[in-house]
């Protein structure tokens, strides 16, 4: 029977399934080692890795045929759901499909946000936890190692992350491009909701010198400062003074009127370059402000156009990454196929070494008058001949393995016996 990858299986659930189902099978970090131990301790399961994030829970196994469905039963048991209720939401892949799935996951091709970065670190962490628990072995170690390497390579070579889809991130990128960098710059954010919070975090990640925040409800701004201690909270009635002294102004409120009035802004404005971004609907910033010399004003429409273009670019790059994943799968399949011949190769080398040693001992016994120098020369010559003969067989075995042609007949053909024949 031809050797295959069928012993590798993945069963799981991802972002395409409603959150109320996902959360029932999510595995907390504190429970991970116990779950890995239970999986590894199951009869027929040789290796296990669990990947559990907010958007997916996946169990990777190397298992004998009768144990390959156990991952699904394990997840159903975790959820406390009826088997029929959860099983219809689970997916199971085996062999090449399972390996390719992991490669696609590591590259962000299976993510809700195409090409996102965070999943690569989560794949690496899942593998490291399995190693720490002693649950991952030779087959999954190589699979996850290849997946992590591919994820890094895909992101580096395609630069897919250079095309962000988050509106808040795009806003910060716009500002960075207009100002030629954020180092040494100051920003003022009006609003304390989710979009404002994300924009602040991106500004800080990009190296902004200082961020101030103001919100009509002062307590909400103070709550935001508790989460992000780096920011300074400014009273709402002092916002125009702060706008006038800032390089960047981002407004993201749900006010029904302009939070930045044209006349009040113009009265406070001191001249110089200022970049403003309006993330609100209805708009927060009077659009006439964008006509003032020195002021660059971007609205959601500008950002959404960039988001659409970035999504198109990501889809094009995803097609490139897809081909990289297929190539990585071919390499993994070749490596895996060669595992079948490792015992044969060891036996072949042992047999050849035994033949060479037996022949040397025969010669040595027939020519006792030989000196040590001659013995060494003869021994080396026999070893070289043996190595050359073995190399031809090893090359043929490798070719057969990489092309999936190793079967029981081939293995039997290399079952040598006594080296003294």
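The count begins at 1 with the first shown residue.
Keep in mind that glycine also has a Cβ here, set from the backbone N, Cα and C atoms.
All annotation found in TrEMBL is predicted automatically rather than curated by experts.
Here TrEMBL gives coiled coil for one range in the set 247-274, 275-302, 303-330, 331-358: that range is 303-330.
For the binding-site residues 191, 193, the largest tally of other C-beta atoms within 10 A is found at 191. Comparing the binding-site residues 192, 195 by how many other C-beta atoms lie within 10 angstroms of each C-beta, the top residue is 192. For the pair residue 122 (substrate binding site) and residue 192 (NADP(+) binding site), the C-alpha distance works out to 29 angstrom.
Among the recorded positions 53, 101, 117, no residue is found with its Cα located within 10 Å of the Cα of residue 192 (NADP(+) binding site).
Packing around residue 101 (site 'Important for activity') is summarised by its Cβ count: 22 other Cβ atoms lie within 10 angstroms of its Cβ, all protein chains included.
With all protein chains in the displayed structure included, the most crowded Cβ environment within 10 Å among the recorded positions 54, 196 is that of 196.
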